[in-house]
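*Asks:* Below are the features listed in TrEMBL for this protein:
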| type | residues | note |
| --- | --- | --- |
| REPEAT | 13-45 | repeat 'ANK' |
| REPEAT | 46-78 | repeat 'ANK' |
| REPEAT | 80-113 | repeat 'ANK' |
Amino acid sequence: MKQLDRLLARDKDGKSLLHYACINNKIERARHMLEQGADVNAKDNHDWTPLHLACLHGHLDIVKLLIQQGAVVNMLGSEDMDTPLHQASKHGHKEIVLYLIKSSNADVNIKNKYDQNPYDV
């Protein structure tokens, strides 16, 4: 399989290799895929981006890498319409919450499907 084909490949849930690198905290693998042209804002079948997943799982270094590579911080995802900041807040990842607010201008006022902003979750 060619390099580009591997970067574009998706599983039954629509997740790419970059999604899995972000879930599993494989920063060097994620960096390599991004250098090879992986889409930093790729959405899976539930509209989760790699940044949503890194925030969900508490991987601050991957969050920083994704944002440096152009990840959209205020992207709505999942059936709940959460942003990455909602996910970090919901799962108690305080360092990521602070980083998103201070360093990436994440919007603290965006509300999800349940009319909750990141402070409410």
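In case you wondered, yes, glycine gets a Cβ from its N, Cα and C as well.
What's the neighbourhood like for each of these?
*Replies:* When pLDDT values are averaged over the repeat 'ANK' (13-45), the model yields 95.
Within its own chain, the repeat 'ANK' (80-113) is flanked in space by residues 49, 51-52, 54-56, 58, 60, 63-64, 67, 71, 73-74, 119, 121, which lie at least six positions past its ends and keep a Cβ under 8 Å from the stretch.
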